[in-house]
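Data first, discussion second: the structure below is written as structure tokens.
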């Protein structure tokens, strides 16, 4: 089970809802992924305008936990305002904090992310900050009391996969809250690798919505995350410089 604050989920795949070709493909991809948590940008959806078609009216909201994010925020104050807007619309208190500090790389602003997380915790939100693979920043966020850490594998939408597995493994090793790898995942192999490192979950969007067949890719991501988790729990063999025979030598007949 993936436990985040008071919530428990069977699926370790969290799925973003942007950039799908249409609502039908989006819904089918969500269905086959078996994701229970769906994230969306509050700023890109007019949740108060009933005339505008949006994700909330297309989905069975009782079946999913909707995770609004603060994408578009440039500072802590903007992030807090967006979070409060989501809460006022009737969504749950869980929020993904996203404060971008660089328009080219879309990397998060560490100072504003810390500040926003602290402010939202004081407001009683369940806080999941998107951060870089900075080990020290992850620890400081954890010390604030956030409910999960969401380090990026690589820049948002890049599909580069896990570019710094060493830092990611350090974050996972020191974590006392769930670590959900977020951003940059491009393939099922990337998702499986994140889980093999010990991540508690993976959040992805473009890897599915931008695939040639988003529905098949959603299923592939589901299976790879399950396989990666099983592999982590099973424990891989140690890496060695020299070969070790896979067949036992004891009891073998000697042919002369």
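Glycine is no exception: its Cβ is also placed from the backbone N, Cα and C atoms.
Under the DSSP three-state reduction, residue 96 (active site, schiff-base intermediate with DXP) is assigned to strand. Around the Cβ of residue 96 (active site, schiff-base intermediate with DXP), 27 further Cβ atoms fall within 10 Å across all displayed protein chains. Annotated active site, schiff-base intermediate with DXP per Swiss-Prot: 96, in sequence order.
Long-range Cβ contacts of residue 157 (1-deoxy-D-xylulose 5-phosphate binding site) within its own chain (separation 6+, distance under 8 Å): 106, 183, 184, 205, 206, 210. Marked as 1-deoxy-D-xylulose 5-phosphate binding site by Swiss-Prot: 157, 183, 184, 205, 206.
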Item to complete: Just name the winner among 205, 206 (the binding-site residues) by count of other CB atoms within 10 A of its CB.
Response: 205
Discussion item. With every protein chain in view, what's the tally of Cβ atoms within 10 Å of the Cβ of residue 183 (1-deoxy-D-xylulose 5-phosphate binding site), excluding that atom itself?
Written reply: 26
Fill in: Around the Cβ of residue 184 (1-deoxy-D-xylulose 5-phosphate binding site), the count of other Cβ atoms that are within 10 Å
24
